[in-house]
Amino acid sequence: MAAKNSSVTEFILTGLTDQLELQIPLFFLFLGFYMVTVLGNLALIALIRLNSCLHTPMYFLLFNLSLIDFCYSTTITPKMLKSFVSKKNIILHAECMTQLFFFCFFVISESFLLSVMAYDRYVAICKPLVYMVTMSPQVCLFLLLGVYVMGLSGAMVHTGSIASLTFCADNLLNHFMCDILPLLELSCNSTYVNELVVFILVAIDIGMPIITIFISYALILSSILHIHSTEGRSKAFSTCSSHIIVVSLFFGSGAFMYLKPPSILPLDQGKVSSLFYTIVVPMLNPLIYSLRNKDVKVSLRKTLERKISS
């Protein structure tokens, strides 16, 4: 279904490359990425669900991070894989807006969830005696509700802003998915207000979590520096290292894509940045938390031993 003020009923996605000799190798490459993403995140979800020792606020938040990564990777990757084996990669206007909505919802939700996870680490390190009270199940559910409300409201505004645009003759979308900036490029009316809305929302959706994360880790660093034993400092740093890596990967690529004007960042470079935080980051997150987390490795070993013995 096309927008009422638009003559375009479908878009043609250009995909990652128009070189035919690269289509099949790229298909198998990203199919492998997607399989690792799905298996990694679902395995982490199942592991947290099945092991009572992982039923803590930290792993409750990690459970939701894996769920979000799985969902928004699934929103993007299957359509991109189809583009490698289709002669003409077409997406209907309504399908495009639907993909944009869920993409925005999951990405914004992850952004705020990472800030909640930083707050969780701050309480665990700086206020360990009141950790279970401060991060009670009720508080965790309230924080998680806020995460998804921010994701839903941001997705609705972004999608509504793009859906209000007029798309005329040109329907060739220079991307592998329905993203905000490529769609703005196709509009045949003024997009100044839409670009302003995008910039403000992205500044909020990236800026607020980054400020929260920065303050949390500044307080964490101050607390760690007051720990006299080397072993204590090392243990405190190790509980934060996985989260710091994930935050750097996610916000680094997202800020590079959206916090620069389109004239400074060509769309072809934007596709590479989008590829990183939509495909690579969801694949790496479960690996980072699994390989760098002692509790996860111990729980995985115990689960495998139980399966083998049974």
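Along the chain as shown, residues are numbered 1 onward.
Cβ coordinates are placed from backbone N, Cα and C, and glycine is handled just like the others.
Given the structure is predicted, the values throughout are model-derived calculations rather than measurements.
Under the heading transmembrane segment, TrEMBL lists 26-47, 59-77, 97-117, 129-151, 196-224, 236-259, 274-291. Positions annotated as domain 'G-protein coupled receptors family 1 profile' by TrEMBL: 40-289.
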Intrachain neighbours beyond the transmembrane segment (274-291), with Cβ under 8 angstroms and 6 or more residues off its ends: 16, 30, 33-34, 36-37, 40-41, 43-44, 62, 65-66, 69-70, 72-73, 76-77, 80, 103, 107, 175-177, 179, 242, 245-246, 249-250, 253-254, 257, 297, 300
PLDDT averaged over every residue in the domain 'G-protein coupled receptors family 1 profile' (40-289): 86
Long-range neighbours of the transmembrane segment (97-117), counting only residues six or more past its ends (CB under 8 A): 58, 61-62, 64-65, 68-69, 71-72, 75-76, 79, 91, 143-144, 146-148, 150-152, 154-156, 158-159, 162-163, 177-180, 183, 205-206, 208-210, 212-213, 216, 243, 246-247, 250-251, 254, 277-278
Tertiary contacts of the transmembrane segment (59-77) (same chain, 6+ residues out, Cβ under 8 Å): 30, 33-34, 37-38, 40-42, 44-45, 48-49, 99, 102-103, 105-107, 109-110, 113-114, 116-117, 120, 140, 144, 147, 176-177, 246, 278-279, 281-283, 285-286, 289, 295
Contact set, same chain, for the transmembrane segment (129-151): CB under 8 Å, 6 or more residues outside the stretch: 57, 60-61, 64, 104-109, 112-113, 116, 119-120, 123, 205
